[in-house]
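Working notes for the structure below.
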Amino acid sequence: MENLDVSVPSSRSSDRPRRNTFISPELEVPQLIKQISDIKLSKKGTNVYVRFRPDNYKEEQEGKQVVDYFPDLKTIAVDNHSFKFKRIFPGETTQEQIFLSVGVPLIDPILDGYNCGIMAYGQTGAGKTFSLLGHGYDQPDRVGRGNPEKRGLVPRLLQSLFHEIQVSITPSVTFTVYASFIQIYLEKIYDLLNPAKETLKIYQDTSKGLWVTDATNVPVKNSNEILKQIELGIVNRITAATNSNSESSRAHAILVMTINKNLINQGTVISSQVYCVDLCGSERTSKTGAVEERLKEAQNINKSLLSLGNVIGALVENKKHIPYRDSKLTRLLQNCFGGTSIATLVLCCSANSVSSTETLATLRFGDRANKVKNKPVRNMGDSVTELRRLLNEANSKIYTQQRIVRSQIEKIIELETITKELFSICGDKKLGALRARYQIKFNPKKKNGFEMIGYYPFISIFTFISPMECLEMIHVCKLFDKRLKTDLLWRSYIDLAKKGKAMIFEINIETLSNVNDNIYQFVREIHQMRTNESLSVRHGMTLFVNRRS
C-alpha cells in the first residue's frame, strides 16, 4: 500500500470530459477548470468545510445574524471566538458549487484506491441531509421526487464516479461496485436495504483495517441503481418530529460503496470504500421538546456524538488510548479519524442568533476534527484469480519438493543405519583412545568428507516442510553429525576391513596407497549407491555438498 501525497497531481487528468458532465450548462469550462485547479486535499488527510444555511422563518422573525464569516479568508468569528477551515460556503451557495469544491477533489483518490469518509455534522435542521443527499431525501414520502438541480453531494459524486468507471472499462480493466446502507438507532445497527434482517453484527476486516457489518451488499452497475438503493434505504430510515425539525432523523445513516478495479493483465485489484455518513442532529434535549421515546433517542444520539468528540479529542492530544469502542458509531468511523482514509467533514450551521449556541458547538467540534491527522494509503493487492493461480503453482511446487524431501529422508535414514553398523563392528571404543592410537590432532573447525555427510543434509535442503518433519530432520542430522565428528571411527573401520573383519562394502584394499585414500574411496562408494542423483542435484539438495571426486 502506498501513502497518499495530496500535493502531487493525480495521474488522472483533472480536465477530462467527466468534469463537464455533471455541471450546469451555463458554467463555462475555463471557469470550471480554474475552480478545480484551485482545489487540493489537505496533506493531513482531513478536510473540514463549513456551510451556512439561509435563515428559516423563526430565525427571520426572532433573531439576527451574529456569526461573521469571511469566505476569502476562510475564517469565522462568533462570540469572541475565531475559527479557520478549508472552505466556507455562505447561505446562497448552490449544490453544484458544494460538489465542485468538496466532491470533485475526491474522485481521483477514490478511483485510485484510497478509502474516503464523507460526513455531515450539525444541529437538527441545519441542512445535513440536504447537503449530503439533496432535496426530498429528508422526508420518506418525497424521496426521489425532489428538484434535480438540488441534488446533493453524494448523488453527484456517485454519478461522476460511475461516469469515470464507464469510460475506463477495457478488456483488461474491469470494475465491480457494491453498496450497503445501514442506520445506527439506539446503539443497534439495522440494515436499511433489508429491514426484515436482524440487528447487524460489527467486526473488523483486518485485511483492510476497517470495522464493517454483515449488512446486505448489493451489486450495482450504474448510478441509477445505487440511487434507487439509497431511496429504498431512506424510506426505511427512522425519523420523527421535534421542535427543531418536522422530520428529524433519529438514527445515523451510513451508505458504504465498495469499488474494486481489476487489472487483469497485472493480476492485481485496486479497492476503495466510500463512507457517506449523515449524522443525527446535535442539540440540547430541552430545546427539542423531547419526551419519553424521543427523549431516549436524543440521549443516545448525544451520547454517540459525544463519543465521537472524545475520540477526536484523544487523537488531537496524542493520547495512547483512543476510545473507539465507546459506541458503534466511533467503531465504524475508526478509519475516518486517525486511520488510513481521507476524511471530509461538512459542518452545517446557522449564522442566526436563535441557533448561535449550537453553531458555536458545531464549529468547536469541527475545529478539533480539523487537527486530526490521517495517513491515507492506497489499497492494492493480488486479484482472486491471480491468487488462485499462485496457490495452484505453490501446491504443485510443494508436492514436488515434498517428494524430494521424502527421498532425502530415506537416504539419511540409510546412512544412519550404516553408522550404527560401523559402531557395532568397531566396538565401544572411545574417541580419545582412537585419537591416541593413530596420533592424530583433531581440528574441530575443519570438516572432512565424512563429517560433511552428517553436517550438510539438513542445511542443504531448501524446501517447504512441516514443523514435525523439520524437528525430525534436525534430530537425525544432529545425531549423525555427532557420530562423525572425526575420521577416527572410519580409520578404525578401514583397519578392520584390511583384516577381513568388516565387509559392509567391498573395497579393493590393494589399490589404495594409504588410509586417507581409503576414506575418500569409501565416500565415493557410498555416493555411488544413491539413485536418481540428477534430480537431487538439480534442486540443490545433494547430501555430499562440496564433495570432490
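Just so it is clear, glycine is given a Cβ too, placed from its N, Cα and C backbone atoms.
Curation plays no part in TrEMBL annotations; they are all automatic predictions.
A quick note: this is a predicted structure, and the numbers were derived from the prediction, not measured.
What TrEMBL records for this protein:
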- 1-21: region 'Disordered' (REGION)
- 1-12: compositional bias 'Low complexity' (COMPBIAS)
- 45-372: domain 'Kinesin motor' (DOMAIN)
- Gly122, Gln123, Thr124, Gly125, Ala126, Gly127, Lys128, Thr129: ATP binding site (BINDING)
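Shown on the structure are the features that TrEMBL records.
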residue	record	Cβ neighbours (10 Å)
Gly122	ATP binding site	29
Gln123	ATP binding site	24
Thr124	ATP binding site	22
Gly125	ATP binding site	25
Ala126	ATP binding site	27
Gly127	ATP binding site	21
Lys128	ATP binding site	28
Thr129	ATP binding site	28
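Following the DSSP three-state reduction, the secondary structure of Thr124 (ATP binding site) is coil.
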